[in-house]
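Pulled from Swiss-Prot:
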DOMAIN    99-326  domain 'Radical SAM core'
DISULFID  CYS106-CYS331  disulfide bond
BINDING   CYS113, CYS117, CYS120  [4Fe-4S] cluster binding site
BINDING   GLY158, GLU159, SER190, SER212, LEU213, HIS214, HIS288  S-adenosyl-L-methionine binding site
ACT_SITE  CYS331  active site, S-methylcysteine intermediate
Amino acid sequence: MMSKYPLLGMTLIELQSLVKRLGMPGFAAKQIASWLYDKKVTSIDEMTNLSLKYRELLKQNYEVGAEAPVEEMRSVDGTVKYLYPVGENHFVESVYIPDDERATLCISSQVGCKMNCKFCMTGKQGYSANLTAHQIINQIHSLPERDKLTNVVMMGMGEPLDNLEEVLKALDILTGSYGYAWSPKRITVSTVGLRKGLRRFIEESDCHLAISLHSPVTAQRAELMPAEKAFSITEMVELLKNYDFSKQRRLSFEYIVFKGLNDSQVYAKELLKLLRGLDCRMNLIRFHSIPGVALEGADMDTMTRFRDYLTTHGLFTTIRASRGEDIFAACGMLSTAKQEENNKS
């Protein structure tokens, strides 16, 4: 039996093309979008302002396509990690992070990752597949706590700019008036920085941008992050200087502080020199140990001194709270054990 195509994850333009192809009236595209993204239905039968004839026509080859998570793990700090199926024998993880008045969902954009960053478990898993816009949006649509969400960060498994077409479609659905109608200020996309995709992302999306930096020294960054060899951080900064981040859109840099590696004042000074002239902020992140990686995280005193030095010299810097470490849901720790099981079987 042929599987049906999901409506979830279709942009308004795609829905308009679909209804035209099926001989439905043009206004049906916005009606379907409203059912999917505003009313968040799970079946075509619920789309009651479409005639029975058109609902039956849609159901011949299409379905909403909502897929609930198949597993969940709960941390002592309230963080919840969800496992979603994304095609045959493929899975991704999303992390729900409640925090007082805010609730953030960290979503994935790929199964695995090609970037092979030294400090990241997803990179150790290798790359398997790009997620479709449907599979990206489903992580939000099918989240049990969906109605509590205030923010989405694309900082889960995968490199978003390596799957730019589907990521941009998902962002269009999240921010478009026909879709979830979220302000772009509620969404942050994190990237190692790919030459091919960075400029296009900045020009086609208004969402916040976070750059994985981790070292201001080219040779050291290349050792930690092979992507540096293709597009250096100095080139990236020069490109970023062509754009205005002084208004509502935020540019931030992510910096894991490693013990004895990049945690001295020398590195803080290099960061200030590298980022001079950019309207940006710095997020310091504690390293979470992963198997087979001989790196250690700096202690909190060192991180605090590092933060204070940057802040007093004009670079607004915060230390990101570490959440979900006990369930392997913290930064750099996402890697689906389920995927590994299937790969071995």
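Using the three backbone atoms N, Cα and C, a Cβ is placed for every residue, glycine included.
Features as recorded by Swiss-Prot, highlighted on the structure.
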residue: CYS106; record: disulfide bond; CB count, 10 Å: 27
residue: CYS113; record: [4Fe-4S] cluster binding site; CB count, 10 Å: 26
residue: CYS117; record: [4Fe-4S] cluster binding site; CB count, 10 Å: 21
residue: CYS120; record: [4Fe-4S] cluster binding site; CB count, 10 Å: 25
residue: GLY158; record: S-adenosyl-L-methionine binding site; CB count, 10 Å: 29
residue: GLU159; record: S-adenosyl-L-methionine binding site; CB count, 10 Å: 26
residue: SER190; record: S-adenosyl-L-methionine binding site; CB count, 10 Å: 22
residue: SER212; record: S-adenosyl-L-methionine binding site; CB count, 10 Å: 26
residue: HIS214; record: S-adenosyl-L-methionine binding site; CB count, 10 Å: 25
residue: HIS288; record: S-adenosyl-L-methionine binding site; CB count, 10 Å: 19
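Under the three-state DSSP scheme, CYS120 ([4Fe-4S] cluster binding site) falls in the coil class. Spacing of CYS106 (disulfide bond) relative to HIS214 (S-adenosyl-L-methionine binding site) is 20 Å (Cα to Cα, whole number). When the alpha carbons of SER212 (S-adenosyl-L-methionine binding site) and CYS117 ([4Fe-4S] cluster binding site) are compared, the span between them is 10 angstrom. Classification of SER212 (S-adenosyl-L-methionine binding site) by DSSP places it within a strand. Confidence over the domain 'Radical SAM core' (99-326), given as mean pLDDT on the 0 to 100 scale, stands at 96. Sequence-distant contacts of LEU213 (S-adenosyl-L-methionine binding site), defined by Cβ-Cβ distance under 8 angstroms and a gap of at least six in the same chain, are ARG221, ILE233, PHE253, GLU254, TYR255, LEU271. Among the binding-site residues GLU159, SER190, HIS214, HIS288, the ones whose Cα sits within 10 Å of the Cα of CYS120 ([4Fe-4S] cluster binding site) are HIS288. Comparing GLY158 (S-adenosyl-L-methionine binding site) with CYS113 ([4Fe-4S] cluster binding site), their Cα atoms are 4 Å apart once rounded. The binding-site residues SER190, HIS214, HIS288 include none with a CA atom within 10 A of the CA of CYS113 ([4Fe-4S] cluster binding site). The two recorded residues, SER190 (S-adenosyl-L-methionine binding site) and CYS117 ([4Fe-4S] cluster binding site), show a Cα separation of 14 Å.
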